[in-house]
Structures are given as structure tokens and as C-alpha cells.
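Lifted from TrEMBL, the feature list:
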SIGNAL    A:1-20  signal peptide
DOMAIN    A:37-145  domain 'Cytochrome c'
BINDING   A:Cys59, A:Cys62, A:His63, A:His79  heme c 1 binding site
DOMAIN    A:189-303  domain 'Cytochrome c'
BINDING   A:Cys203, A:Cys206, A:His207, A:Met278  heme c 2 binding site
There are 2 protein chains.
Amino acid sequence: MRIQISVAAMLLSLSAVSQAAMFEPVPEPTIAPQDQAKVELGKMLWFDPRLSKSGFISCNSCHNLSTGGVDNLKTSVGHGWQQGPINSPTVLNAEKQIAQFWDGRAANLEEQAGGPIANPKEMASTHELAVQVIDSIPGYKPYFKKAFGTDKVTIKEITDALAAFEKTLTTPNSPFDRYLKGDKAALTPQQIKGFELFKTSGCTICHNGPLLGGSSYQKLGVVKPYQTTNTAQGRIEITKKDQDRMTFKVPQLRNIELTYPYFHDGEAKTLEDAVRIMGEVQLGKTYTPEQLADIVAWMKSLTGDQPKIVLPILPPNGKNTPQFDPWKKD
Amino acid sequence: MRIQISVAAMLLSLSAVSQAAMFEPVPEPTIAPQDQAKVELGKMLWFDPRLSKSGFISCNSCHNLSTGGVDNLKTSVGHGWQQGPINSPTVLNAEKQIAQFWDGRAANLEEQAGGPIANPKEMASTHELAVQVIDSIPGYKPYFKKAFGTDKVTIKEITDALAAFEKTLTTPNSPFDRYLKGDKAALTPQQIKGFELFKTSGCTICHNGPLLGGSSYQKLGVVKPYQTTNTAQGRIEITKKDQDRMTFKVPQLRNIELTYPYFHDGEAKTLEDAVRIMGEVQLGKTYTPEQLADIVAWMKSLTGDQPKIVLPILPPNGKNTPQFDPWKKD
């Protein structure tokens with residue numbers, strides 16, 4: 001009961017915030033012209049499976065830019081076909097978030113990029129091996145030289161270049177963005193109805209700002225406990241504070257139509273499921289089928305223009321490049 | 001001894017063939033303008049991991065267009081991280097071959113494309129499931145309609161579209177092509193020396209035509225048995241004739257710098273290894289280190305302009321699309 005009062009109070013305080021501040025068009029990339037060489041190098045590294053121990057998994061394997069920057073799996077396939085621990089969040093528009101990963105353990109994209117490379121359940125390499133591999137490829141040298149002024153490869157340069165590329169992965173010009181900018185015909189009447197319901201329901205407490213999320217950590221299961229078999233405990237793993245148990249970074253809603261399945265455990269298969277469950281466990285609301293359909297219709301207006309990526313051509317191994325063997329035992 | 005005489009005789013007969021006929025620039029794609037819609041659809045299917053049982057493996061996983069149309073692994077990673085039986089051949093310029101697969105079991109690209117989808121060690125789906133999945137995705141319908149005049153999905157349409165896309169994957173304008181067309185400065189003096197040695201050694205018996213290979217089946221180990229732990233027996237598996245044991249389609253040499261490791265078993269890690277072993281087991285020749293270096297230098301002139309691929313954006317699942325679970329037990 002106390003919780004519901006608190007939600008009401010927050011709604012009241014939010015009503016003072018103008019719609020313009022609460023909802024903003026998706027931000028433009030923040031790449032300085034002099035960083036264009038980093039972007040180009042980062043794109044190559046993004047698609048390079050040699051950053052993984054197997055030589056088979058690239059960043060794009062789990063954050064597939066053909067499919068909304070995710071793999072559309074409940075949890076990802078890692079080295080040796082291991083089952084990943086958590087749902088892969090989208091890389092699209094990922095920069096402007098409070099932090100990276102579901103539990104916010106990386107402050108920014110640069111810090112995030114080093115994680116999966118060395119995670120034994122993901123790409124299963126090490127920073128040392130990744131640097132050794134990339135450093136051994138002669139064709140990469142001019143790209144590092146152009147991006148960083150030196151062709152000495154370090155993990156910092158690798159992750160900086162990856163982050164520079166990721167920062168370009170924004171999705172402007174969604175129907176919702178056009179609507180926010182004044183084109184009232186950009187949304188259908190049903191989508192406008194869904195949007196109004198989204199706002200008056202309290203969804204905007206967590207899903208606000210340019211990404212409609214990504215700006216705060218919130219407990220999953222505010223009104224009613226969230227049931228899951230997934231063992232992730234959220235932010236407590238970082239802060240070690242008991243109040244952060246089951247507290248996760250609020251996922252962004254941008255391109256949500258493409259980034260199924262939903263939640264940190266990937267248990268919600270459809271947008272209808274996701275909205276229904278969120279209503280129940282976060283807001284204590286049971287939406288009618290019509291209300292669900294309206295909100296979902298609006299959510300589909302959040303799909304922006306996807307990045308136009310020309311597939312990079314990767315330089316071949318050099319004579320000192322370590323051999324890849326996906327089945328090699330340590 | 002008899003074999004060496006036979007090689008000499010073949011060389012003699014080949015010397016009558018003009019260089020223009022034996023070596024031709026890489027062929028242009030043979031796509032009719034009215035098939036452009038098939039190409040576009042085929043590109044989407046090429047990158048769509050939903051053709052696999054896991055929803056994780058696409059055609060591009062093993063025939064990666066960032067890395068010469070191969071995965072640069074000895075044998076490929078299949079469903080459940082299975083170790084593939086044979087080295088993944090390149091899709092680049094693959095059309096103009098005598099047949100497809102190392103053992104030629106598919107007559108053309110259309111027939112080939114259906115193989116990996118249903119191979120339990122590769123994508124591990126079935127044609128029925130693949131059709132059901134693609135048919136359930138509303139966003140594919142307009143593409144099928146435009147390509148085939150009907151939006152009824154069949155495996156024939158899927159493989160026809162894949163083949164149409166693959167036919168565009170040619171790599172013109174290599175230094176060797178420019179040399180053949182009259183630009184004598186397109187090759188370095190060392191490359192020209194290597195090319196002359198390649199011709200006079202007898203390599204051209206098998207590696208001739210526009211692809212420098214792909215036009216005949218040949219026994220591996222003509223002069224000396226080829227040692228391998230790989231269990232593939234080659235063309236005998238198709239013809240059931242004992243003389244076809246260890247007979248494989250001669251691989252093309254186009255873009256050979258990018259398509260390591262070499263041979264059907266992927267056991268040759270470098271071009272030097274590959275040329276040295278071929279000399280020994282096929283021609284009974286031991287090249288000097290300098291000769292090896294010359295031939296390898298020439299081979300690097302066979303790398304053409306790689307296809308410029310804009311990554312397709314794939315339509316999301318429909319409400320009837322089966323769920324993907326890479327770890328699901330049957």
C-alpha cells in the first residue's frame with residue numbers, strides 16, 4: 001500500500017515536468033570528426049571474430065545489427081555453446097545510459113566493450129590474447145596508426161575504437177520522434193491512445209528521457225514479486241547492499257519491437273507479455289486486452305531508422321597470429 | 001613413374017591452349033535485372049540466423065563475407081558447437097564451378113543452399129521448419145511477393161533467393177585480372193616470376209580457368225599419398241566408384257590469401273604450407289624457399305575487390321514464429 005502511495009507521489013511530481021523534457025527525440029551520435037578513424041577501426045573490430053578465443057564469435061554475434069542490436073535469444077550463446085546468464089541488451093542508442101550492463105557494472109561503452117571479450121561464458125578470450133591477436137595482423141596497423149597516432153595495440157585502443165563505433169549506432173527518425181517534433185500524423189490514433197495510457201499509467205516513472213529508459217536503476221517487482229528462475233540478482237552484485245537485490249537498469253524502449261525477448265531473463269516473449277507483466281509487478285495494474293494493444297501499437301512507433309552498415313572487410317592473419325581452434329582444451 | 005609421364009603429357013597438351021583461355025578475368029555476376037528482387041531477399045536470408053534450428057547460425061557464420069567468404073577455421077562450428085566434417089569453401093565467385101561442395105554433391109548454388117540448413121551438424125534445421133519460420137514473419141511477405149510474384153514461401157524460393165544473392169558475390173579487379181587485361185605493371189617482378197613457375201610446374205593442370213580451379217575433380221595425392229586424419233573420402237561418396245576415393249573438386253585460387261586454412265581438411269595453415277604440400281603430393285616437386293615465396297607472392301595478386309555489402313535489416317518475428325532455444329533437447 002505504501003508503495004502505491006509512493007508511485008502516486010512520484011507521478012504527481014513528474015506531472016510538473018514538461019513532455020518535452022520527459023520525451024526527447026533519440027540523440028544524435030556524439031562523434032567528433034577527428035574520431036572518424038576510430039569509428040572505422042571500431043567497426044572492423046566489431047565484426048572480427050578473432051577477438052574471441054574460438055575465432056568464431058564477434059561482438060555482432062550477440063548484438064546483431066541486422067536484428068535490432070540483439071540476438072533475439074533468451075540468453076546468448078557463448079564460447080562452446082554455453083548458455084549465457086542474462087539477456088543481451090541492445091547496442092543501439094546504448095551510449096546515453098546511466099551505465100552499461102543490466103547491473104550497471106561498466107560506467108561507459110569503453111569499459112563495457114572489454115567485458116564480453118574476456119568473459120569465459122561469452123567470447124572467452126583474455127585481454128592479453130586479444131591484443132596479441134590484433135597486434136599480429138599487419139593489415140590492422142595502418143588503421144590503428146590513423147586512429148591513435150601509433151600502431152602499438154593495447155586493450156584501451158581496442159575498446160576505445162569499439163566504443164567510438166557503437167556511439168554511431170543511433171536510430172533517429174522513428175514515427176514517435178517525428179511526432180515529438182510536431183508531426184501529429186506520425187502516430188495513428190491508436191498509437192496516440194497507447195501513448196497517453198503509457199503516460200497516465202506511471203510507466204514514465206522509469207521509462208523517460210530520450211531512450212525511454214536507461215536512466216535509472218529500479219527494483220523489478222515493486223508491487224508484486226517478479227518470478228524467475230534466472231539467478232541474476234542485479235545491482236546488489238555491484239553495491240553489495242541488500243536493498244539493491246533485483247534492482248536492474250531500466251531497459252530503453254527504443255526499437256523495442258526488434259529487441260525481443262524481454263527483461264533481464266528474456267522470459268517475456270512478446271511485447272504484449274512484457275507490458276502485461278510490467279503492469280502487474282511494477283504498477284499493480286491489470287490492462288484490458290484493448291489497453292495492451294494500444295500501448296503495444298505505440299511502442300512500435302519507437303522503431304527508428306536502423307544504422308546503415310557496410311560490412312567491413314577484415315585483414316587476414318599475419319604469420320604470427322595464433323591459430324584458432326574452437327574445440328581446443330586448455 | 002607412369003604418373004609423371006602422364007603429367008608431362010598433359011602439360012604438353014595444355015601448352016597448346018592459349019594463356020587467354022587458360023586464365024581469364026574473374027567473371028561478372030550473371031544476374032538478370034528482373035532478378036534484383038531475388039538478390040535483395042537472398043541477402044536478407046543469407047544473414048538471417050532463423051534459418052538455423054538455434055536461431056544463432058546464419059549462412060554468414062561459416063561463409064563470412066568480412067573474411068573472404070569463409071570462417072578461417074579448419075572445419076566449421078555447427079549447431080551445439082559441433083565440429084564440422086570438412087573445411088568451409090568460399091562463397092566468393094562460387095557459381096562458375098563444375099558443382100558445389102568438395103565432393104560436388106550439389107549441381108549448383110540453388111541445390112547447395114538447401115544443404116547446410118538441414119544438415120544436423122551445421123544449421124540443424126529442416127526444410128519444413130525453415131519454411132515455417134520464414135513464412136511466419138510478416139515482414140518477409142512483400143519481399144517474396146516482389147521476387148516471386150507470390151508470398152507463399154517454399155524451400156525452392158528460399159534457396160533460389162540465396163543462390164541469386166550468392167551469384168552477385170564476385171571479386172573483380174584483382175591485380176592478376178588487371179595483368180591479364182594488359183596492365184603489366186599490375187604484378188611485381190616477383191609475382192610474375194611466381195606466375196611463370198606456377199604455369200611451368202604443372203599447377204595449371206588443375207588450377208585453370210577464370211577461378212583457377214573449380215572446374216574438375218582430382219585425386220588428392222597423385223604422386224604421393226596425402227596424409228590426413230580427416231575421414232572425408234571425397235567423390236566416392238557420390239559415385240560409389242573406388243577410383244573416386246580421395247578425389248575432390250579442385251578448390252579455386254581466387255582470394256586464396258583470405259581463405260586459409262587450406263585443403264578439404266583445413267590442415268595447411270599458410271599459403272607456403274599449401275603450395276609446398278601440393279608440390280610434393282601432386283607434382284612430386286620440392287620447391288626451394290625462394291620458389292615458394294615467388295608462387296605465394298603471385299597468389300596474393302588473386303585477391304579481388306570484395307563485395308560491398310550493406311548489412312540487411314531483418315523483419316522481426318511474427319506472432320506465430322516458433323521460439324528459438326539453442327539448448328532445447330529434441
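Glycine residues also receive a Cβ, built from the backbone N, Cα and C atoms like all the rest.
This view paints the features noted in TrEMBL onto the structure.
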residue	record	Cβ neighbours (10 Å)
A:Cys59	heme c 1 binding site	25
A:Cys62	heme c 1 binding site	23
A:His63	heme c 1 binding site	23
A:His79	heme c 1 binding site	19
A:Cys203	heme c 2 binding site	22
A:Cys206	heme c 2 binding site	21
A:His207	heme c 2 binding site	25
A:Met278	heme c 2 binding site	22
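Secondary structure at A:Cys59 (heme c 1 binding site), taken from DSSP and collapsed to helix, strand or coil, is helix.
Each residue in the domain 'Cytochrome c' (A:37-145) has a pLDDT score, and their mean in this model is 97.
Cα to Cα, A:His79 (heme c 1 binding site) and A:Met278 (heme c 2 binding site) are separated by 32 Å.
Straight-line distance linking the Cα atoms of A:Cys62 (heme c 1 binding site) and A:His207 (heme c 2 binding site), rounded to a whole number, equals 24 Å. In this record, heme c 2 is bound by A:Cys203, A:Cys206, A:His207, A:Met278; the longest C-alpha to C-alpha distance in that set is 12 Å.
Taking A:Cys203, A:His207, A:Met278 as the binding-site residues under consideration, the smallest Cα distance to A:His63 (heme c 1 binding site) is found for A:His207. Same-chain neighbours of the heme c 1 site beyond A:Cys59, A:Cys62, A:His63, A:His79, judged by a C-beta within 8 angstroms of the site's C-beta center, are, in sequence order, A:Ser52, A:Ile57, A:Ser58, A:Asn60, A:Ser61, A:Asp71, A:Ser76, A:Ser88, A:Pro116, A:Glu122, A:Met123. For the recorded site, A:His79 (heme c 1 binding site), the DSSP three-state label reads helix.
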